[in-house]
Every structure is written in structure tokens, then in C-alpha cells.
Amino acid sequence: MIVLKFGGTSVADGDRVREAAAIAAAQPRPRVVVVSAAGGVTNRLLEAARSAAAGSPTAETVAGIRGRHAAIAASIADPSDRARAEAALDALDAALEAALADVAAAGDLAAQDADRIVATGEKAMSVLMAATLRALGTPASHVFADRVVGTDDRFGGARLDRARTRAQAQEVIRPLLDRGETVVVTGFIGAAPDGSTSTLGRGGSDYSATILGAALDADEVQIWTDVPGVLSADPRQVPSARVVPQVSYDEAQELAHFGAKVLHPRTIRPAVARGIPVRILSTFAPQEPGTVVAREATGDGVKAITALRGLVLLTVDVPELEDLSGAAAVVFGALHADGAEVAFAAQASSRRRMTFLVDGAGSCGRLRERIEVALDVLPFGDEVEVACTEDVAVVAAVGAGAAGQPAMMGRVLEVLGQAGVPVLAANQQDSNVALVAAVPAAAATRAVEALHRELIPAQAPPPTALPRRRPRRADLLAESLRVG
């Protein structure tokens, strides 16, 4: 069984929805298709929700969203499938208007109401994708994920209830698959214990695909997007960047953690638990093999260079003979309470200095004050020295074969030094697949360029053999008519 996920750019209009449907129909059955909202629709729905809370008009924004969906529906060739989709869209529009009216009456946008409103985009796209598949001759049904994906009630960023999700997926989706249908499921959304619609937060649609893959014991999850796979660097910074044929689960998680945009770090976790391979593929080049993410990956050396910007560098110096681990626990607790995320932490060789790269911390002045106040609980808190630097980036050289070599950290520092990039801190991640260095944000692009040039071979390795050939774009529509 295969799960295919299509992102917002891949379903932006009627032509792209048809192309995505043809890709899905050409895959062997059984298959589940997970869809995002059409590109830009989620932001427009949030705009409407905020306008309603502020007492401002929403009609123009809602009409624009309705127009996007109506245009896609109009492109569905079969009249009966088109009419069925339009009726379902009318019901979703009525529910959206009711939700916006509730927000306007309350004069406030609660997270639960926001989730209820933004889910409209994914729900509409699931209706449209299922209708398009049927028009291509493929039996298909849509399922709203708030019937399947169980979560807690932390609206806006809900956490998964795996047991409830697995039970509901087997109950709701499995019978449809057994009847030979392609099941189209909304990405990004789930349901709290009381049945209220929830959302999974940033990266939620990709996460939905691997959640459902794990719940249904899929053989493979495919993430169809607008890039041809995991790249060796951001091509906007390094024009010579190329597709990496294979990465391991650990490598993929480190790449995502340190700034690669193809996958959100959470996406891989359900696949890891079940050992399911994940493929990253492009709807704009469906014949290309993309990248396979699996438990084990071939290839030695550094595979990719990433950069994460907008960080704050925090250093904490603890007096000799005092409890370093206690101070570290206080700092981590204060950062967590402040909603900040630690990109990496390191301890200097002197064992008295701790370094933290922090995302979402705000200004240095505010952060330092929070840490100093938190450290006051320690008997030696007033002796701890806290320093902070803004506008910092972290660059990472990722590759299991390279990070395990003792001399490679020295090579990274040597390359950065030769490029004139100041290194503020450096560390090897516990996963042993990433070597990271903190640098001034202004030098991040130079650092990425230098590391890519010196650490990644000029010639790409031959593509890894894949279980089957990607269908060519020209073949997709014809193939979809042969595969029911």
C-alpha cells in the first residue's frame, strides 16, 4: 500500500490537480492520497478569521477562496463528478460562514476556532481531488481526517494520539481500500478527544502522510512537492546543488532540524517507528527518481550542507567547583518556558562554559534577563556569567559517513577559516551524522558555499537503483485511464 502526499503548489489550480491525480492513478493499488490546501488558501482563511474577530468584513476574502475552489471544480471533466464536488463545496462554504459568524460574535479568535476555519482548505481539496480521480476513471472517496487522526486538545499544534489514530484508520479507511477505492484524506488536520477539529501545526500535511502510512502499515510514503528531492544545499545559495539519491532517517532529521525545507523534523518519526521508506518527488518532474529516505542509506562522506538563520548565541560560564549540570538544567528549563527552541548545545573543553544556539528567543537583552533570573535559584547563581550574541546562524555538514570521522570536524573548521568565516561555536551532534558550526548570520551563505565546494564531490554519484521507474509526465494521463 502506498501513501502519496501532494502539497499546496502541486494542487494550486485545476491543471495541477489533474496532473497530481494522474500521478496517483498510475501507482499500484491500494493507495491513499493526502492533500494540502491549494497554495495560499490557508493564509487567506486565517486572514478571514482574524478579520472576523476584529469586526472587519470577510466577504471579499471568502469570495476569493470560493472562486479558487470553483475554478478547480469547473475543470473536472465529468458532469456528475463536477456536480457532486460542487455540492460538497457548497456545504463547506456554509460551514465556513457559520464559523466566521461565531468568531465575529465572540470578538476573539480562539485557537480552536482558528483550526475549525483553516481546515476548510484541506477539506475542499480532498473533495476536488477525489472528484478529479473519478473523472479519470479511478474509483475514489474523500475522507476528512478529523474522522481518522486522533489528537489531544492543544489546538494550533496538537499532538498525535497514535493508538486512536491507528484504530480509526483501520475502521474508516481500510474498508474503502478493500473495495478498490483510492482514498483521499485531508492533511494537516485531526480531531481532539471531544471531536473538535484540530491542526497539527507547521509541516502538518507531510506529517499526516507518515502518520497514515504508519497507521495503515504502508509499504511506502511519497511526498510530492515542487522540488526534485533532498538537495545537497539550497540552490539559491549554491547553484551547483544537486539531488541526494538516498539519506537515512537520522540524516533526514538532522537536515530538517538545521534548515532544510523539504521535510519537517516530525515527518520522519512515524516512518522510523514502522521502518517505512519515504520518497521525496517532484510533481513538475515526475520522471525523476527523487530522494529515498530509509533506515539505512548508501554513500559515504558529507551529503548536504544546510543553514539555519535568525538564531541567538547564549554562553553561560559557571564558576569552578560548582554544579554545571544543575546550571544546564536551569537554562534549558528557562528556555523551554520562554517558548524558545535550542538548535544545539555544547560544552567547552574547559567544562565550565556551556553554549546554546537558540531559535525564537527574541532580543538578547530579554533573553539574558530571563536566564539570569532563573539562575538565581542556584546558590552560586550570582556568580554565573551570561553573554548573548544576536544575528547568528548555524551551518551543518550532514552525512553519517563523514561525521563519524574524527578529523572531519577539523576539516570543517579549516574550510571555514580559509573562507574567512568566523566560527563562534562548533559541535558534533549526538546522532553522529551532523557537524555544526555557529557563524555570524552575514557570513552564512559564504560558509555554505565553501563547505559545499570543499566537502561534497564535484561529480554526483550514480543514482541508486529504485524498485520501479517513475512514470513520465506524458504517460501519466494515459496510464491513469488504464489503472482503475
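A Cβ is built for glycine as well, from the same backbone N, Cα and C atoms used for every other residue.
A TrEMBL annotation is a machine prediction, not a hand-curated record.
Bear in mind that the values here come from a model prediction, so they are computed numbers and not experimental data.
If you check TrEMBL, you get these features:
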- 1-282: domain 'Aspartate/glutamate/uridylate kinase' (DOMAIN)
- K5, F6, G7, G8, T225, D226, R236, K261, V262: ATP binding site (BINDING)
- T42, E122: substrate binding site (BINDING)
- 395-455: domain 'Aspartokinase ACT' (DOMAIN)
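Mean per-residue pLDDT, taken over the domain 'Aspartokinase ACT' (395-455), amounts to 89. Look at the binding-site residues K5, R236 and count other Cβ atoms within 10 Å of each Cβ; R236 has the fewest. A Cα-Cα distance of 12 Å separates K5 (ATP binding site) from E122 (substrate binding site). Look at the domain 'Aspartokinase ACT' (395-455): DSSP puts its residues at 30 helix, 15 strand, 16 coil.
Cβ-based neighbour count (10 Å, all protein chains) for T225 (ATP binding site) stands at 24.
Between the C-alpha atoms of G7 (ATP binding site) and T42 (substrate binding site), the distance comes to 12 Å. Sequence-distant contacts of T42 (substrate binding site), defined by Cβ-Cβ distance under 8 angstroms and a gap of at least six in the same chain, are G8, V118, G121.
Here the Cα atom of R236 (ATP binding site) is found 30 Å from that of E122 (substrate binding site). Among K5, F6, G7, G8, T225, D226, R236, K261, V262, the residues given in the record as binding ATP, the maximal Cα to Cα distance rounds to 25 Å. Classification of T225 (ATP binding site) by DSSP places it within a strand. In this structure, the C-alpha atom of E122 (substrate binding site) lies 20 angstrom from that of V262 (ATP binding site).
For V262 (ATP binding site), the same-chain residues lying six or more positions away in sequence with a CB closer than 8 A to its CB are I223, T225, V227, G229, V230, L231, L255, A256, I280, T291. The secondary structure of K5 (ATP binding site), as reduced to three states from DSSP, is extended strand. Counted within 10 Å of its Cβ, the other Cβ atoms near E122 (substrate binding site) come to 29, all protein chains included.
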